[in-house]
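First up is the structure itself, then whatever we jot down about it.
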Amino acid sequence: MSSVHVELGERSYDVLVAANLIPNLGRHMAARMDARRAAIITDENVGRLYLEPVRRALSDAEIDCVEIIVAPGEASKSFATLERVVRELLAARLERSDIVVALGGGVVGDLAGFAAAITRRGMTLVQVATSLLAQVDSSVGGKTGINTPEGKNLVGAFFQPRLVLADTGVLDTLPPREFRAGYAEVAKYGLIDDADFFAWLEENQPDVFSGKDARGEAIRRSVAAKARVVAADEREAGVRALLNLGHTFGHALEAACNYDASRIIHGEGVAIGMAMAHRFSVQQGFCAPEAAERVERHLAAAGLPTHMNSIPGSGFSTSELMDHIAQDKKVKAGRLTFILSRGIGQAFIAEDIAPHSVEAFLTDELAAKPAPAPQTGE
Ligand SMILES: NC(=O)c1ccc[n+]([C@@H]2O[C@H](COP(=O)([O-])OP(=O)(O)OC[C@H]3O[C@@H](n4cnc5c(N)ncnc54)[C@H](O)[C@@H]3O)[C@@H](O)[C@H]2O)c1
Ligand SMILES: O=C(O)C(=O)C[C@@H](O)[C@H](O)[C@H](O)COP(=O)(O)O
Ligand SMILES: [Zn+2]
């Protein structure tokens, strides 16, 4: 088992990464916190597969538990589902020191994490990440929240978990499309500041997908990268914004698609957004075209989309995308901030990007001939 430490002073915690960790969940919890009662929050898909083993693991450690099950998908990151979850935590008389176990992908992690942050002004949170995306990104770092019609993750809190478990064995049941989407966030770490990792991914991507040792290594390196950035800048006052590479465009596309999973899911938005951020960097004179082409080639080889025109039913307008971009949380004094790139592994924070240059770029991209549809296998 490997363990990555997230160093945040009194809010420090470990991220455990290995196959077959779930049977020992209760023991790992009991070793780190006063664990008497817990609420397992999960979605219907993950619950069907892993609720029973998690329940057994908690019972082995003499932790009583209740369960709260939500519908799978982005729509559960809503005020309505949040209210339901919080009310169920209260109805079950869970106390502030009791534990919320977020069992699932990023949707469950963000929703349950936010419920834990606000219920009784902060319960204890354990993330049991079951999607690739959750294992390499969303379960680590304490961003929690929900979406609103105005945009993605616009209501939330920074609230760190006390323990994160990434049981890599559960990825065997993850649908391929979800695995590909999670891979976009893995590639992101290479593109931000680790050209060697990106080159390693170019070499090893087939093995990461087929579940060989390279998969575990990709997950560990990703978690270590995220832990380093979060430890340096917990509340995104500076360098943490780099983790948003691809997200300004990606979130706008998710919102413009009304979070409809038949059109786009988060990791696909990030893939398109990262490819766009590199093309925009070329247009702005920061980046060589060869680097942007290399990014597109790698994402496409992983079966990910790289152009918004390949989103089913695309037909976006520049103005609707600009409206969503204006809601981005990196906007400061009304000015747009983008994460751009000078080359592979050389992302940087570009403040005060002129809106007209973004508009012109979006208009060009929308006029481009539709890209081939991405791989859509379930
Ligand atoms: N908080 C953060 O730092 C952070 C980081 C990245 C993304 N996010 C958020 O995470 C969300 C996306 O997360 P996601 O990609 O995990 O999506 P998700 O939570 O919707 O999970 C993807 C799908 O896979 C299913 N699933 C999950 N694990 C499974 C398993 N082991 N076996 C079978 N099915 C499984 C789920 O039921 C769901 O249908 C977005 O809302 C995004 O905004 C947050
Ligand atoms: O942890 C971070 O910081 C990230 O930006 C990670 C992103 O992958 C993630 O999608 C995050 O939820 C986006 O944050 P937001 O602040 O742009 O909503
Ligand atoms: Zn993301």
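A Cβ is built for glycine as well, from the same backbone N, Cα and C atoms used for every other residue.
Remember, TrEMBL labels are computer predictions, not curated facts.
When the candidates GLU185, GLU351, GLU359 are compared with the Zn(2+) site entry in TrEMBL, which names HIS247, HIS266, the shared residue is GLU185.
Checked against VAL108 (NAD(+) binding site), the binding-site residues GLU185, HIS247, HIS266 differ in C-alpha distance, with HIS266 being the nearest. The two recorded residues, HIS247 (Zn(2+) binding site) and GLY106 (NAD(+) binding site), have Cα atoms 15 Å apart. The binding-site residues near ligand 2, defined by a Cβ under 6 Å from one of its atoms, are HIS247, chosen from GLY106, VAL108, ASP110, SER131, HIS247. Rounded to the nearest whole angstrom, the C-alpha distance between GLU185 (Zn(2+) binding site) and SER131 (NAD(+) binding site) is 12.
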